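Let me begin by presenting the structure, written as structure tokens, before commenting on it.
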Amino acid sequence: MKICIFFTLLGTVAAFPTEDNDDRIVGGYTCQEHSVPYQVSLNAGSHICGGSLITDQWVLSAAHCYHPQLQVRLGEHNIYEIEGAEQFIDAAKMILHPDYDKWTVDNDIMLIKLKSPATLNSKVSTIPLPQYCPTAGTECLVSGWGVLKFGFESPSVLQCLDAPVLSDSVCHKAYPRQITNNMFCLGFLEGGKDSCQYDSGGPVVCNGEVQGIVSWGDGCALEGKPGVYTKVCNYLNWIHQTIAEN
């Protein structure tokens with residue numbers, strides 16, 4: 001799921017994120033098979049979120065994707081068929097950021113430790129963490145099995161979207177008083193292309209590094225409402241410390 005925002009007029013405009021089943025790549029394209037080998041599917045009886053494999057035993061995802069019983073599925077392309085490259089590994093630990101706020105969606109980041117290490121190969125591999133924070137205009141790749149259109153069923157095969165990082169000023173203008181220093185916007189102000197329902201937790205990869213985590217937005221692919229992503233570069237110390245201690 002991707003968190004969607006609904007607006008209520010109370011003299012001023014207040015926004016409250018609510019979990020809504022509305023998260024798949026809109027306006028993208030079918031990824032070349034196994035071209036995103038770090039992409040994982042989080043399964044709780046069915047696909048609920050995406051994630052990124054950052055070591056052979058750790059996955060990066062969104063805190064709002066937490067579920068008490070998760071299976072991490074690697075090497076997937078068509079999530080409804082067994083194609084031979086899959087590795088299904090149960091989660092041993094799920095560690096949410098201690099300052100995650102489900103109302104503001106700040107610090108929307110989670111680490112998942114696999115019960116056993118993944119076998120790395122051409123179809124299952126890790127993605128590096130960023131060395132620097134993303135800059136406006138950088139082209140990135142977003143991927144996931146989220147819905148292709150708000151309110152519709154999810155696709156069976158992995159979808160991809162190429163989209164630019166937007167400036168902080170554009171992001172704040174799109175979502176007044178909602179963007180924290182731990183978030184950034186990516187996408188197209190004209191709408192039509194975006195992450196959506198069930199893309200949540202999935203990777204935003206820029207220049208070969210995982211810079212973002214699909215987090216929230218106002219609907220999907222709406223004009224003037226780009227997707228909002230967790231800024232991974234702000235959490236490098238927490239990620240390294242958490243892995244070292246667990």
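Placement of Cβ uses the backbone N, Cα and C atoms for every residue, glycine included.
Values in this document were obtained by computation on a predicted structure and should not be read as measured data.
Its Cβ placed at the centre, His64 (active site, charge relay system) has 24 other Cβ atoms within 10 Å. Annotation source Swiss-Prot lists active site, charge relay system at His64 (among others), citing similarity to another entry.
Of all Cβ atoms in the protein chains displayed, 31 besides its own lie within 10 Å of the Cβ of Asp108 (active site, charge relay system). DSSP gives Asp108 (active site, charge relay system) a coil state; it is part of no helix or strand. The annotation active site, charge relay system is assigned in Swiss-Prot to Asp108 (among others) on the grounds of similarity to another entry.
Ser200 (active site, charge relay system) falls outside any helix or strand according to DSSP and counts as coil. A sphere of 10 angstroms centred on the C-beta of Ser200 (active site, charge relay system) encloses 30 other C-beta atoms. Annotation source Swiss-Prot lists active site, charge relay system at Ser200 (among others).
Per Swiss-Prot, the feature Ca(2+) binding site maps to Glu76, Asn78, Glu86; the stated evidence is similarity to another entry. The Cβ of Glu86 (Ca(2+) binding site) lies under 8 Å from the Cβ of Arg73, Leu74, Gly75, Glu76, each on the same chain and at least six residues away in sequence. In three-state terms derived from DSSP, Glu86 (Ca(2+) binding site) belongs to neither a helical nor a strand segment and is classed as coil.
Among the features that Swiss-Prot reports, disulfide bond is placed at Cys31-Cys160 (among others), with the record citing sequence analysis. The Cβ of Cys160 (disulfide bond) lies under 8 Å from the Cβ of Ile25, Gly28, Tyr29, Thr30, Cys31, Ser35, Val36, Leu141, Val142, Ser143, each of these being in the same chain and 6 or more residues away along the sequence. Cys160 (disulfide bond) carries a strand DSSP state (E or B).
When secondary structure is read from DSSP and collapsed to three states, Cys49 (disulfide bond) falls in the strand class. Marked as disulfide bond by Swiss-Prot on the basis of sequence analysis: Cys49-Cys65 (among others).
Residues or ranges marked as disulfide bond in Swiss-Prot (evidence: sequence analysis): Cys133-Cys233 (among others). The Cβ neighbour count for Cys233 (disulfide bond), using a 10 Å radius over every protein chain in view, is 17. In the three-state DSSP reading, Cys233 (disulfide bond) counts as helix.
According to DSSP, Cys206 (disulfide bond) is assigned to a strand segment. What Swiss-Prot lists as disulfide bond is Cys140-Cys206 (among others), and the listing cites sequence analysis.
Taken from Swiss-Prot, the feature disulfide bond applies to Cys171-Cys185 (among others). DSSP assigns Cys171 (disulfide bond) to a helix.
Of all Cβ atoms in the protein chains displayed, 29 besides its own lie within 10 Å of the Cβ of Cys220 (disulfide bond). As annotated by Swiss-Prot, disulfide bond applies to Cys196-Cys220 (among others).
Here Swiss-Prot flags 25-244 as domain 'Peptidase S1'.
The annotation signal peptide is assigned in Swiss-Prot to 1-15.
Among the features that Swiss-Prot reports, site 'Required for specificity' is placed at Asp194.
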Which of the three DSSP states, helix, strand or coil, fits Cys31 (disulfide bond)?
-> coil
Rounded to a whole number, how many Å is the Cα of Cys49 (disulfide bond) away from the Cα of Cys233 (disulfide bond)?
-> 21
Candidate recorded positions His64, Cys140, Cys171, Cys206, Cys233, pick with smallest Cα gap to Ser200 (active site, charge relay system) | His64
Which are the residues of the chain, Glu76, Asn78, Glu86 excluded, whose CB is within 8 A of where the CB atoms of the Ca(2+) site average out, their centroid?
-> Ser41, Arg73, Gly75, His77, Ile79, Glu81, Ile82, Glu83, Ala85
So, in DSSP terms, is Cys133 (disulfide bond) helix, strand, or coil?
-> coil
Taking every residue in the domain 'Peptidase S1' (25-244), what is their average pLDDT?
-> 95
